[in-house]
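A quick write-up on the structure given underneath.
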């Protein structure tokens, strides 16, 4: 009875909370068993799904799809535009910095050139770029009756002044080649008439601002003209023989003159006044030149010296090197010069050495019968300022262009430009675009020879530049 009742009690479901808990446990077991079955049966399905999603994520998406999927908020748009604006500002600042650096490089280069120019060491390399002009390209201006003796070019390269043994001065237009003005010969006893020269004009100079023109003649006179109108302003007297050389100091109206009386005189043209006289040469001085420094250089003719005159110290440096009469001289820069002599030699000088840095003998060859050959006289020299380009003239039927080597220690022939007659004067334009030659039938200082086939004329020689290709491997 009791056993049956205990069994019945054990088999009877519990009432209340205990019965509910037992039923919950059985349901949870069944659910957990079902879940395990599902996980076992559905694990492969889950793995396959995940692998498909990975493959889709690895596949490249088009930018358009990404932009469609991305929804940009207002705050994100503001941030993106701010970043874009800052990037633009950064690029602009970089461009400005590059422009400033370029300008600073240009200024530094210009300052370096100015310093080298002041020290007399600037040597721009232009000679190799010069191409020999054809004879047909040379312009010939004719107007003088006798041999051209000297010429100058205005600083702006717009006009040429030429003078000759016919005692006249002609102003030419560079562009058209026409006569702009003629200063006629002064006749003896003709008072009240326009002033002029009554004897051979041997030298001329023009101020660096183009305001004043000075001309000197065999009658010991220096006439000062207004370059624009060719109106006579002053007459300087004081030399005791023919005036053979004139030069203005660059940037000023200080005028240097030299003469066959062996002296060098200093004048102030703006104040119409005489300053001082310097002596030193032992024979007639043939030529003179000057640049920016308060000094000038002279060619001493038959005394065989080149002299540098230091005006403030009233002292001079004496240079020797030519064997003959030194008839022409020209400054290349503040520290170097070129000269020519009647022994046919051309010399390059430096102010720090009393002997030539380079000496080219028989620069224009020889003339005469075999066994009796004599060198062609060098009658004119010119140099393009602060470069390595030099020109020389003689009566060898050509003008020769030369290149100065490194440090002005060598002189190499570039080309010959055919011109018949005595090349009594040579001048480069300020730009270096052309060379002007004064040609005559006779030498400017005498009548030793006469070349009948020559024409008394001013010849404008164009100088075309061809850029030199860079060396291989550079």
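Here the Cβ of each residue, glycine as well, is placed from N, Cα and C on the backbone.
Taken straight from TrEMBL:
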- 1-74: region 'Disordered' (REGION)
- 141-182: repeat 'WD' (REPEAT)
- 194-235: repeat 'WD' (REPEAT)
- 236-277: repeat 'WD' (REPEAT)
- 278-319: repeat 'WD' (REPEAT)
- 319-359: repeat 'WD' (REPEAT)
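Sequence-distant neighbours of the repeat 'WD' (194-235) (same chain, 6+ residues past either end, Cβ-Cβ under 8 Å): 149-156, 161, 163-165, 167-169, 171, 181, 183-188, 241-248, 250-253, 255, 257, 259, 267, 269, 272, 287-288, 444-445. For the repeat 'WD' (319-359), the model's pLDDT averages out at 93. In the repeat 'WD' (278-319), helix, strand and coil residues by DSSP number 0 helix, 23 strand, 19 coil.
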